[in-house]
């Protein structure tokens, strides 16, 4: 029976703690560390105060193709790709660093970001397996996540250059709200004076 290294176990615990703090699911923890499932559950409960969520990991590439999710996924993956190509880091450390960069750029509007860490990790695995790839937009030349061999060459247009109509409607609603609030505040100031 091989004896486990105490140093390696400490590194795995530290990595698991960092992943849990970023919202990793149990399956990701099991895949990226050598800790037992029981120890990971115990660690998760200790850090989060509740057991890890149950259920399967996302296994479809469809989620990454909807317009808003695609923009967020592409931002994350471009950061990840940059870190890998420039030798900054590799493996799960590259996922963590690029996810932190993503969080800095896309501050969540609610309690949780649109792109969760486990989904970002799954995206990396989808690209590595050839199910998804980065494709260049014909208009802006930005690199976006797209299914491999799905689009004819040189015909891809990203959802920033050609947003779907529901995205434009949502943008108009939010702009109207931003226009309305200052007027309401001005009226409140006039009534107070």
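Just so it is clear, glycine is given a Cβ too, placed from its N, Cα and C backbone atoms.
A coil conformation is recorded for residue 140 (Zn(2+) binding site) in the three-state DSSP classification, outside any helix or strand. A C-beta separation below 8 Å, combined with a sequence spacing of at least six in one chain, links residue 140 (Zn(2+) binding site) to 158, 160, 161. Residues annotated as Zn(2+) binding site in Swiss-Prot: 137, 140, 158, 161.
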(request) Compute the mean position of the Cβ atoms of 137, 140, 158, 161, which form the recorded Zn(2+) site, and then list in sequence order the other residues of that chain whose Cβ is within 8 Å of it. (result) 138, 139, 141, 142, 144, 157, 159, 160, 162
(request) Can you check which residues sit near residue 137 (Zn(2+) binding site), meaning Cβ under 8 Å from its Cβ, same chain, 6 or more apart in sequence, and list them in order? (result) 143, 144, 156, 157, 158, 160, 161
(message) If you count other CB atoms within 10 A of each CB, which of 158, 161 wins among these binding-site residues?
(response) 158
